[in-house]
């Protein structure tokens, strides 16, 4: 593959692959990028103090976004582990109406809860995961219990086999998306986690979306060699509600493009604790994650994850205590990984799923071969791993 000849903002000169579009070119460039070079100079960093920084012209696209401060009480924000909305910084991008980026609004230590939930609780049955295709439900019943000793010993024996948690690539919550038919259905549903629903409702309300209902979630578990292919999230029946994205762990590069792939995307960093909201025009734009970035300190955690969760929590908090033992496992995992939670509302108020043919209703989505993420070492073709909807 060709290397970069020049980079100015989102304009990158590359040796083109046959039939390659502008988005795929930039995706390939950042997938091959070197973190310790000038390759990332044009990537927007929303978390750099109060001014979003970047060296290329894309940085000039950054604008401030207004939040609905009065829609979320300080008490409810605290219950979800968030700072008062009045203290959040929110940004948008010119040319991307409806896109909102909120650099880490979590209270110190409170990310611990959400990381632990992703690894310990949300990965359990009855939720669906990529390992279900190759293992029985009994074997995937409690990935945390089967993996925690492996992860504790990771520092001692780095050549040991990967634990099941390290082999986890995705988990679906609520309405489980059928990647074969590109549909949700009423038949494939498990209760959506109440704590994640509450967090999502507060963030949506702060962004002007009162009454948001968290009905479906996709958790992506990234290793350092993972990518998320170019795609559009259009299968929800109600596109008037936003898509919420929460990032934890190692940083990554996110590409936000246009309605068509021949439009070059804008690159931005996603750091631990960052929240993205895609609504309105931006709800149906192409996007992707070409690169997870290793920590500059080697195998270390982002600074925001070094502060422990407070010992005393609000009485009605949805956040639960996290033991030192549990966080030790989470730390071992996150040193070379990141987790992303995306939450969506699938149906409008009083809307039902359309009727489906009987044979399609009988499909068991746990037996279908699909995955959001791709690893460089995977032997399965990218087209299978990253179906572009």
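Cβ atoms here come from the backbone N, Cα and C positions, even for glycine.
For the domain 'Fe2OG dioxygenase' (213-347), the predicted model reports an average pLDDT of 93. According to TrEMBL, the feature domain 'Fe2OG dioxygenase' maps to 213-347.
Look at TrEMBL and you will find 231, 233, 287 tagged as Fe cation binding site. Within 10 Å of the C-beta of residue 231 (Fe cation binding site) we count 14 further C-beta atoms, all protein chains included.
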Quick tally, other C-beta within 10 angstroms, 233, 287; top of the binding-site residues is 287
